[in-house]
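K.L.:
I grabbed these lines from TrEMBL:
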DOMAIN    1-392  domain 'SAM-dependent MTase RsmB/NOP-type'
BINDING   Asp139, Asp167, Asp267  S-adenosyl-L-methionine binding site
REGION    183-224  region 'Disordered'
ACT_SITE  Cys329  active site, nucleophile
Amino acid sequence: MADARSAPESLPPAFLEFLQENGLDPMMYSMVDTIPRYIRLKPGMEPHIPEIQSELKCHLNKVSWLPDFYAIPPQVQIASSMAYQQGKIYGIDAASGAAVLALDVQPGEHVLDLCAAPGAKLCMLADMLGGRGSLTGVDVAKHRLAACRTMLQKYSLGDRCRLFVADGTSFSILPVNSSLGNGEGSTCHKDNGSTLSEWTSKRSWKDRQKSKKARMAGSPHLTSTSEPELIYYGKHSGLVGLRKCDALRPSADDEAQTSGYDKVLVDAECTHDGSIKHIQKFEFWGWKTLDRRVLDAERTDDLLHLQLCLLTNGFKLLKTGGSLVYSTCSLTVAQNENVVQQFLCKHSSAELQKIDSADSWPCRSGSIFKTLRFDPATSQTSGLFVAKFTKLQI
């Protein structure tokens, strides 16, 4: 059991009680100034390392177990650097990078990131595709997904991507079926549905009016019955020339088994208690905000339901033989092993997979065999839980 008496003085009693109830050591939050900041170097930028080091005024320490990742001192800020502004580097924790690497994405595959914001993992997935296949990013928050779009464009990685504002628990659009481009299998009526031309950031008058009406109506929250909103698609995403009604076509029952995604990432919304730098921000935001976002019992119950629903829907969209990674930056058993156990009990076609590349990772096993846990003390990273599933033929 965690010893609240040894905790950093800044943590409020209610949060210490949360940690104690979940068997978490509050002392990990005193490590915030000792955990490195991690950056990922865009592939092909290795010759620029000396100038990046000169600009950041620090050495880039290569992370031996994670390709293209480097550790820098935690106090170094990268946002104002030319290397960041020119798209040579971006910040992403090494544990998050490991979750992406666990998917073992291969060039030419169709990949889904069901909780895509804020976008660093999406960029890494796009890099791994190597200019082939497709990448679909989904997020319920439009402003956060717009930030993903900005990142993809900044790093020149959006060519094969499409982004949908949608509820990840009900999103049902599969990878683009090339036959739809020829009109075969189309669900559109003859005169229904405009054709998608090459994407532009300039919005039509009709779209501007639609947004204006939404603002005047108070911008109601997206619901599970809302139609997904396509806010970006690359030139080679498969959507150019497709009718919009086909691009938004929901999948039929069991269609995903043969036409679904090869790989799915579900980095689910959570209490973020494993992200020690995130928790540190509440000192500035106010601890009452922490009470509302992390400690509220009703919200936590809602989160557990959301996590299971995201995992369930992500798995539904996976093709037979494909792989799904479920991760959270919480260290609680309730949001990780318990969700995995509930999911496995309800889905006989789901099987946990060993993450082969993890043999060299600085992490420990979760309480369920084949699951992994990163934490500040063991890994010198933020906390992260990772579980990998495959879909069996039933």
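Each Cβ is built from the backbone N, Cα and C atoms, and glycine gets one as well.
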K.L.:
Count the other Cβ atoms sitting within 10 Å of the Cβ of Cys329 (active site, nucleophile), across every protein chain shown.
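P.N.:
For Cys329 (active site, nucleophile), the 10 Å Cβ neighbour count is 25.
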K.L.:
Cβ within 8 Å of the S-adenosyl-L-methionine site's Cβ centroid: which residues qualify beyond Asp139, Asp167, Asp267?
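P.N.:
Along the chain, the qualifying residues are Leu114, Cys115, Ala116, Ala117, Val138, Val140, Ala141, Ala166, Gly168, Glu269, Leu310.
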K.L.:
For the binding-site residues Asp139, Asp167, Asp267, which one has its C-beta crowded by the most other C-beta atoms within 10 angstroms?
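P.N.:
Output for this query is Asp139.
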K.L.:
Do you see any of the binding-site residues Asp139, Asp167, Asp267 whose C-alpha is within 10 Å of the residue listed as 'active site, nucleophile', and which ones?
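P.N.:
Checking Cα-Cα distances against the residue listed as 'active site, nucleophile', the binding-site residues within 10 Å turn out to be Asp267.
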K.L.:
Could you tell me the mean pLDDT the prediction assigns to the domain 'SAM-dependent MTase RsmB/NOP-type' (1-392)?
P.N.:
89
K.L.:
Looking only at Asp139, Asp167, Asp267, the residues listed as binding S-adenosyl-L-methionine, what is the longest Cα to Cα distance in Å?
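P.N.:
The widest Cα-Cα gap among those binding residues is 14 Å.
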